[in-house]
């Protein structure tokens with residue numbers, strides 16, 4: 001599958017600089033020296049006679065000597081030059097000489113011209129679009145309807161070069177509530193789900209100029225939450241998405257992307273991962289440029305699913321390795337700027353962080369249920385769970401495959417049991433499931449070996465990976481082993497948290513999340529055991545690159561700028 005987005009070469013920094021401005025030339029004319037006639041000597045009065053006070057008649061009638069005339073002309077020329085230079089240096093319009101001496105004066109930051117260029121309809125990068133078919137400024141709106149909440153991204157692009165350049169981004173998320181605030185949390189209430197996006201659209205209404213609202217496309221892409229909702233009740237997600245489209249089309253001025261182009265849909269998991277890869281490498285400047293450079297891998301951990309996307313390199317077929325990437329749904333061909341990328345991608349549904357919590361709690365309850373299928377008195381007492389930190393507890397709801405439902409309290413053991421928790425996390429990965437196309441990661445899913453095909457390139461992990469590690473003081477880059485060590489410390493409970501006191505807000509974060517030990521152990525298990533990433537492999541966490549949010553939204557927004565001709569803005573701004 002190939003994406004519709006063709007990210008042509010982005011303009012270089014030099015394309016934004018103008019070298020055409022020249023200082024205005026100034027010139028001045030000095031009096032010309034006249035050559036004295038041969039008779040001038042004879043008509044010269046006695047030396048000094050013309051300069052005596054009161055001898056006006058003599059001065060009028062007498063002519064000057066050549067030397068006197070030369071001195072007079074030089075003096076007059078010098079005075080004229082001084083006057084001219086004073087004028088140029090003091091005149092409001094005499095910028096030419098001042099610019100050459102002092103350098104060009106910057107315009108005042110409060111000037112109306114500067115305000116106009118930097119405003120929502122303009123840009124500081126250039127004064128006109130690179131193409132007559134493109135407006136100077138375009139906006140694109142993307143709503144990420146995730147399993148735990150919905151988020152809007154309002155992107156502003158300029159068309160100074162052949163490829164749209166991202167200038168700014170506005171972001172807002174729905175307010176958190178128990179059970180999640182995503183579209184799937186509304187169940188049968190399709191209209192309520194649609195109305196939940198109104199608070200996000202307020203950001204778009206304030207950000208996008210009125211002149212551009214009618215040509216700024218909006219799309220809504222739901223992820224794992226709605227995928228799982230259909231598993232519980234067939235057709236439920238379609239009713240919600242239909243209600244969302246109707247509300248956007250009738251209540252707001254933004255054109256909704258057509259159904260053919262995936263305007264309001266449950267996004268395919270592989271698109272989610274690939275768009276995140278495009279976003280990351282676009283912001284890093286690794287794609288769209290004149291040269292092909294090693295790209296970064298992305299590991300995205302959402303609430304209901306997790307994605308992996310990277311560009312494997314097959315240097316030789318030795319050691320059982322193939323020469324190229326096997327054909328299949330895991331292969332994604334992406335083209336941009338005349339360069340073709342063959343990506344490996346897979347979206348593991350049911351292995352997002354919230355889904356992993358459910359699976360681990362279910363595993364604990366299932367073991368007790370199997371041990372005592374008739375006597376269920378154990379459910380009324382707190383259940384010891386190695387994934388809950390000592391001294392903490394959490395009430396959870398669990399539904400077993402048999403249909404039995406339990407509401408029970410999960411309590412931390414007396415002593416830390418981080419290794420046992422990681423054992424539960426690795427158990428749900430189904431590492432031993434049959435692998436039809438080797439090598440496999442987990443759950444029987446084929447994946448090229450990271451150690452052999454992606455050993456040294458950058459690895460970015462984000463979403464919940466960032467949300468659970470950054471608040472605890474982890475740096476922007478660390479190894480999987482360091483993540484494992486952090487996990488063991490967190491699982492000790494409050495008695496082992498003294499080292500977190502130096503990190504602002506860390507203790508409050510830990511005390512407010514009884515499942516922190518579970519979350520981190522699942523991350524370690526997923527990276528090390530699931531994806532076969534070495535303990536010494538370095539990973540990078542990020543929420544933003546160059547001030548812009550990571551994730552799939554930006555990568556999915558780029559095609560919106562040219563999908564439908566009706567979105568071409570007719571506004572022409574003079575700068």
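Any Cβ shown, glycine's included, is placed from N, Cα and C.
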Ranges in play 53-71, 72-90, 91-109, with TrEMBL marking transmembrane segment at 72-90
Which listed span TrEMBL calls region 'Disordered', if the choices are 21-56, 165-200: 21-56
In all the protein chains shown, the tally of other Cβ atoms within 10 Å of the Cβ of residue 272 (active site, proton acceptor) is 25
